[in-house]
Amino acid sequence: MKNTLSSMILDDSTIVAIATPIGVGAISIVRLSGEKAYHIALALTHKESLKPRYAHLCHIYDAQQMPIDEALVLYFPKPYSYTTQDVCEVQCHGGIVSARAIVQLCLKLGARMAQAGEFAKRAFLGGRLDLAQVQAVAGLIQSQSLEANKILMRQLKGDLGTFVNRTRENLLEILAFSEVHIDYSEEVEESYIRDIQQKLAYVENELSHIYHISLTRQSIIEGYTLSIIGKPNVGKSSLLNALLRYERAIVSEIEGTTRDTIEEMLTIKGSLLRIVDTAGIRESDDKIEQIGILKTKEALMRSNIIVAIFDGSRPFDAEDKAIMEILKTQCQNKYILVIINKSDLPLQCEEELLHNLLRLHNKALLCMPLHLSTKYEGVQKVLECLEEVVSTHNGDESMILTSSYQLDCIKKALECIVKAHNVLDIGQLELFSYQIQDCIESICKITHPYENAELLDRLFATFCLGK
């Protein structure tokens, strides 16, 4: 039997879970939701009542009526709670002993263990959150940058839901026109057709804008990836260490010291930057080094930013020119920063070759002479360039789709609009109506996936137990 969304009924059984990470800390939170949540909280605290939305300082008692902890207990009555059910939270002392003991007491008093994401699932089924807001919650839990949080908070506040509803209303207006005139399509005046085409073009432009701007700004959500490339011993690991301000990679005069990619995280202007120090690119018979070079090329493919380092104290050789060819042919849609290292020594390389290369590149940043020392000197210019890249995307008030599911829904809606234009041009109003209906369905799936619940099950399974 197909698992449809209509078959998913809001379950009022009482669930319990620890909502905070397990381990040593100031507090742990045990969360309850369901019909017995309030009565279980009263049994735990020996209170006759709990005032809604107030923090009550209480002792927590075990089955032998002995106090096992002191905690703050909060009660949120339905429907004005996260799950739209009665919800109680017990904020006990941190660590694992108290929280686990309280969970066991709740189980004995009639609760069951919550499944992963079950609290958020109940919030969705109860109408507290739409699917876009649920995905925003999941994104906030996994977020690794402040800029991503800002985007996800817009989605959590309901901005995407508002956009979906507005688009749906515009499409319904277009659909109503076509439905009325289906039986008299030969008699429809051209002015009405032009009016519908204009309204549909407006919807198409809005959807196309949000789709393409979301594609170009996924790095804000997922983080930027920067790969440092160059032949062996040109200063790649020195740059990584300088950016991180500590000795992460071994720096040696021996060529080929870095044989594998090294990845580290850095936050710039509120955005996450994954820095990949790659193995030097050169011809090699060493099998291990060959694997490292292959990983370097794979890192290039998934990077947004490439920092290419060349040794300015030596003339360019075949390996340098091979790297230039990679920049020219494989990195056209990536930001490129070129560093001519060892600028403290007399310049021997053909600097003009690099300038000519960057002039042909649509996302070239800068070609700079630099002296990368073990004292982390000279890195400020590099940081300024990286801040410039991040700043071009951050701070934009445009709404951004934050998941591949949302992007796919918009893409399918745009495909329906293209087909709708085509059949409208030849006067096929019935086929036009079908395409508009499909378009509405695709748009609405962003917030309310009516077809089946498997997507929801997969999504909620990615949540932690207490969310």
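Quick reminder: no glycine exception, Cβ is built from N, Cα and C everywhere.
Per Swiss-Prot, these features apply:
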type    : residues                       : note
BINDING : ARG31, GLU89, ARG128, LYS467   : (6S)-5-formyl-5,6,7,8-tetrahydrofolate binding site
DOMAIN  : 223-391                        : domain 'TrmE-type G'
BINDING : 233-238, 252-258, 277-280      : GTP binding site
BINDING : ASN233, SER252, ILE254, THR257 : K(+) binding site
BINDING : SER237, THR258                 : Mg(2+) binding site
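Here the features listed in Swiss-Prot are placed on the structure.
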residue: ARG31; record: (6S)-5-formyl-5,6,7,8-tetrahydrofolate binding site; DSSP (3 states): strand
residue: GLU89; record: (6S)-5-formyl-5,6,7,8-tetrahydrofolate binding site; DSSP (3 states): strand
residue: ARG128; record: (6S)-5-formyl-5,6,7,8-tetrahydrofolate binding site; DSSP (3 states): coil
residue: ASN233; record: GTP binding site; DSSP (3 states): coil
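The most densely surrounded of the binding-site residues ARG31, ARG128, LYS236, judged by C-beta neighbours within 10 angstroms, is LYS236. Taking the binding-site residues ASN233, SER237 in turn, the residue surrounded by the fewest other Cβ atoms inside 10 Å of its Cβ turns out to be ASN233. Mean predicted confidence for the domain 'TrmE-type G' (223-391): the pLDDT average there is 74. For the pair SER237 (Mg(2+) binding site) and ARG31 ((6S)-5-formyl-5,6,7,8-tetrahydrofolate binding site), the C-alpha distance works out to 47 angstrom. Counting every protein chain shown, the number of other Cβ atoms lying within 10 Å of the Cβ of GLU89 ((6S)-5-formyl-5,6,7,8-tetrahydrofolate binding site) is 21. GLU89 ((6S)-5-formyl-5,6,7,8-tetrahydrofolate binding site) sits 51 Å from LYS236 (GTP binding site), counting Cα to Cα. Taking the C-alpha positions, the distance from LYS236 (GTP binding site) to ARG31 ((6S)-5-formyl-5,6,7,8-tetrahydrofolate binding site) comes to 49 Å.
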